[in-house]
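These features come from TrEMBL:
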TRANSMEM  73-94  transmembrane segment
TRANSMEM  100-119  transmembrane segment
TRANSMEM  165-184  transmembrane segment
TRANSMEM  191-213  transmembrane segment
TRANSMEM  219-239  transmembrane segment
TRANSMEM  251-268  transmembrane segment
TRANSMEM  280-299  transmembrane segment
TRANSMEM  320-343  transmembrane segment
TRANSMEM  355-372  transmembrane segment
TRANSMEM  392-412  transmembrane segment
TRANSMEM  450-481  transmembrane segment
DOMAIN    505-662  domain 'STAS'
Amino acid sequence: MMRPAAQQYVVTRPLYSEESFAQDHEKIYRHRKTMLDHVKQYFTCDAKRAKNTALSLLPVIGWMKGYRFKEWLLGDIVSGVSTGLVAVLQGLAYCLLASLPPWYGLFSAFFPVIIYFFLGTSRHISVGPFPVLCLMIGSAVTRLVPDEGPAFNITGFEGLTRDEQRVLVASSVTFLAGIMQLAMGVLQVGFVVMYLSDTLVSGFTTAAAIHILVSQLKFVLGLEVPGISGPLSLIYVNLEIIFNKITSTNVCDVVISIVIMVVVFIVKEINDRFKSKLPVPIPIEVIMTVIACGVSYAFDFKTRYEYINRPNPQIFQETAVEAFPIAIVGFAVAFSVAKVYSIKHDYTIDGNQELIAFGVSNIFGASFRSFAASTALSRSAVQESTGGKTQVAGLLSAVIVMIVTLAIGFLLEPLPKSVLGAVIIVNLKGSLMQFREIPYLWRRDKADCVVWLSSCIGAFLLGLDLGLAVGLGVELISVILRTQFPRCSLLANIRGTDIYKDRKDYINIYEPEGVKIFRIPSPIFFANTEFFRNKLVEAVGFNPLRVLRKRNKALRMIRKLLKKGKLQWTSIGFLNTSCGPINESEDESNMEELDQPTDFKDFPARIDWNAELPANIVVPRVEIHSLVLDFAAVSFLDISGLKGLKALLKELIRVEVEVYIVPQHTKLHDCSFFDDEVQSSMFYLTLHDAMLHILEKHPEPTQKKSDYEKIITSVTAHHLAGSLRSRDRNVGISLKLCFSLFMVFEK
């Protein structure tokens, strides 16, 4: 903490309104590009732009030119081998989530990685199967090709086995998701994933972890359970089928699963605790899988690479609803992980290029029967923590996958599915532990907690695709509600400073009599214009339109009474000359005239509306003479907001309340906001400028000044080197800021 006497600075300047500031300081005119200018620039091509475009579309050219072979190559090799072993096991295991034969997961750990090596901008993420995407693909697969009953009537299914039909569905959905990602990347709409907040993704992935856990119970327990998709399918599978068949549990599968889960859990905890001392994490999943395989039969994987798979357009029509959330979630997860590592290692990533990279990767992979690729957090952590510096490590991991697939794949044929299910369940620990975020979110931000619970419960009950839509809907509603119903407040001066804070939060404050400072911390647009008006009316304590109408009614009645001789004007005010009481008129004719400014042209003097009025006339009192609107947090105003604001300002001005706005928005000039009543002179540079102007115009009684210890207008401060620097100007009242924060009110 800096001591008050250690350093001081001085700012000596006049009191500024926006108009006086513009007169003293010339503003640079900046040409604003029109939509046509942006279109022309987008389609303009020259040699330099062509080169930059080529480099942006092939990021590998950029980072390979600066590749440090002596420093990075060994780390990339170690990382590639370690990541490749993990990718093999995860590729096999995650196929169970997609309801596909295990070896197809190896394709997803190979083909997309090759494309991402050339097109991706992240140097550290490991591309391949991601459990949530696998589960979403599995939902589409089991819907079109159920375990029991006939498959959908789709051209191209003829002559195919059930597994082949499922592979065709998975690759077609992946192809369509890749097209969507590629289209979004080309159209530069990568920003859409920003609407998937960390809270929403956390709740969604937690629910996905529960789905994954339940989906693996049938393999761990050794039960034959048909795949079911759709709303409430999780509860149906859990309660109606698994519990009914629990007596048919295969004891051998249960024992194998429990042993593997215990061993893998313990070793992974050791890896976490001693990661700084271990050169590479112990690949316990691979070790346990090799042990579980035992002696394998020969199994030929080579034919799997020999022909290209052609996606089915009819499946596109049936699965478009599933493909879109797959495209969004896959990119959102990968981009989030990539952003973490880019910040950690100080390089930039391009969201739109990432969309293109994953789009092309999925299109290419789907042509070779792989399913949607993203990134797995655990696999990316292995690639980064074992020394990986670039996607050379990712390329080497793909080579490891290819070697396993072509050379020793036959050893994996007898691998029990319960082994893969156990490995998957153990790796759900991180996702399931996200439940611990609920108390933290509830204490910090209840709206975010509601988003988390909505996305989690929605995905749990309705399925991942509908659950994501529910979570996104609740999140957007929370954003709308926060902007539509912002927390408005009344500000007060912190005594002895030029700082203004919420009057409810501080004790030592100064509030001049008859002045209100109102702050709105959000844009003013069509949805919250009425809310803004209501909050302002509540803050000032009166409705200006109602007061205006009451005053005009009173004037109408006084004119009638003067005309009838029941009232007379004297030097001391109005004199009631009638004998009996005078009742207030309820004449409601010409209501439009009541909204116009009060007109005193035929009166001998202006009426003091806060004094006692004649003839039993009662008009609501207005206790303030000045209102300051703090618009510093108002980022934009739309046409509806401008109209509502202007109408409100006119009502306040017509009831003799002076309005000051801080600061001025350029859009007001562009929309012809000003007229004879609403003038640009009401805008001030800062709250303190406006307050000083008000105090000069409406000085408080002498006895009030001492009560509040007075307010700043002048100080002296020193430059850091000790020399005094000031610029004296005899314009208005000098406003000066100093570190000592002492304020003195000058007459």
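Keep in mind that glycine also has a Cβ here, set from the backbone N, Cα and C atoms.
Note that TrEMBL annotation is computational and uncurated.
Within the same chain, residues 121-125, 127, 130, 132-133, 136-137, 139-140, 173-174, 176-178, 180-181, 184, 190, 192-193, 196, 198, 201, 204-205, 349, 351, 354-355, 358-359, 362, 372-375, 377, 380, 384, 464-465, 468-469 sit at least 6 positions outside the transmembrane segment (320-343) and bring their C-beta atoms closer than 8 Å to a C-beta of that stretch. Counted as Cβ pairs under 8 Å, contacts with the transmembrane segment (355-372) are highest for 165-184 among 73-94, 100-119, 165-184, 191-213, 251-268. Within the chain carrying the transmembrane segment (191-213), a Cβ under 8 angstroms from the stretch's Cβ atoms is held by residues 97, 131-132, 135, 184, 234, 328-329, 331-333, 335-336, 351, 424-425, 428, 431-432, 434-435, 437, 441, 448-449, 451-460, 464, 467-468, 471-472, 475-476, all 6 or more beyond its ends. The list of residues near the transmembrane segment (450-481) in space but at least 6 beyond its ends in sequence, with Cβ under 8 angstroms from a Cβ of it, reads 132, 135-136, 139, 195-197, 199-200, 202-204, 206-208, 210-211, 229-235, 321-322, 325, 328-329, 437-438, 441, 527. Nonlocal intrachain contacts for the transmembrane segment (100-119), taken as residues 6+ away from its ends with a CB within less than 8 angstroms of a stretch CB, comprise 57-60, 87-88, 90-94, 126-129, 138, 141, 163, 166-167, 170, 301, 304, 353, 356-358, 360-362, 364-365, 368-373, 391-392, 394-395, 397-398, 401-402, 404-405, 409, 412, 415, 417, 420.
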